[in-house]
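Q: Shown below is the structure under consideration.
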């Protein structure tokens, strides 16, 4: 039973956004990693089929104590895998419903006019081409090493370094054991897709962080000065927090919040491994944090990456459900329309418009709350969503609410994809996508306080490269710290 429980826990972690599949599997402490990885991968591959089978057989209604993630794993191994290997009540439960599940599987095959189980997967595979073309991004953790040393380390392991990329097309053409320095982010190395570094010494020692390029943008664009006090409002699993610490050079203070105990425990382990100091973790809903608390009187920077639809996530093929959004915080459920909380996840597609409005309402609330911190000078708002409702519309509504107190910064003008033209200056925002930037789908907006005490814009040469975007700011150039990889 340990295998199925571990697999269900990984699926739940993916739904909550705790991390990627590989990192969750490797951090699960399950002794047979390859077996667990194979089971999770196959369950995810069959996930849309499993959802239809569970719905058609009404398994979750009949067995109310059976967690949905565990149900998927059990049904996968019962019908598509090598047969159930566990003992105990869950095995007996699954076998009790076997006839109904097999009948539902047969009905599904007849409906789709296929004879093999694998043929049920073809439409799903065709619907998600983005994941296979996104490279493996490796952020160098400058708290422990430097870019040059990491490059030398990989070269000693037989990789060929091709220098700094000049275009996205060069990233797209990567293959074999070749890698590049990213063309936009100075501490990011780029390897071919599907490259796995979870067993690599640099990863296990915290010298490198496996983080998608788009996910690196929020901390990079916030660019807090060393010694600053910073809030990471929705922090777990901690990649962005560790990035902030590296930019701060461990000088200053980071206040990190998340409502989930397990996510915070995982985050604490990750930050310690990365050599992060000067941080305080709090299991707390950010909306309950008092901006007037003297503890936060020196907070001048806030990174806000709130719960979202996750529609930009191209890996894992798994969508957030109502249950996982509840786990991210009761404050979100408070704004959901009456009756939606108890609806089954399979009804989610039919409720997309209503759901997006509920999410957007929560996001507007938390962004406005973040802007109320009295010493705040600069804030980055980001989501891994493709929807305008969660992105441009949220930023526009909150800027209107705050009047002239804050302005939208034209950050990183050399970035090729801009915000949708939903309101004046929306092009100051950034977007990312598998097709255009070879990353997950992402949205970033940078806001600065107006008037006296506003953070002075900093600039890179990139700001001059695209004058058509108007006034622009980009993070300061940071000197590479020389420290040997041991």
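Cβ from N, Cα, C; glycine included.
Taken from TrEMBL, the feature active site, nucleophile applies to 384. Among the features that TrEMBL reports, S-adenosyl-L-methionine binding site is placed at 234, 235, 236, 237, 238, 239, 240, 258, 285, 305. Residues or ranges marked as coiled coil in TrEMBL: 91-118. Taken from TrEMBL, the feature compositional bias 'Basic residues' applies to 475-486.
What's the neighbourhood like for each of these?
A: Neighbour list (residue 384 (active site, nucleophile), Cβ cut-off 8 Å, at least 6 residues apart, same chain): 214, 215, 308, 310, 311, 312, 313, 440, 441, 442.
Its Cβ placed at the centre, residue 285 (S-adenosyl-L-methionine binding site) has 17 other Cβ atoms within 10 Å.
Residues of the same chain lying 6 or more positions beyond the ends of the coiled coil (91-118) and with a Cβ under 8 Å from any Cβ of it are 1, 49, 52-53, 56-57, 59, 62-63, 66, 74-75, 78-80, 84.
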Q: Whose Cβ, among the binding-site residues 234, 236, has more other Cβ atoms within 10 Å than any of the rest?
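A: When each Cβ's neighbours within 10 Å are tallied, 236 tops the list.
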Q: Max Cα-Cα distance in Å among 234, 235, 236, 237, 238, 239, 240, 258, 285, 305, the residues listed as binding S-adenosyl-L-methionine?
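A: So the maximum pairwise Cα distance among the S-adenosyl-L-methionine binders is 19 Å.
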Q: Can you tell which of 238, 240 has the least company, meaning the fewest other C-beta atoms within 10 angstroms of its C-beta, among these binding-site residues?
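A: Checked 238, 240; of these binding-site residues, fewest Cβ neighbours within 10 Å: 240.
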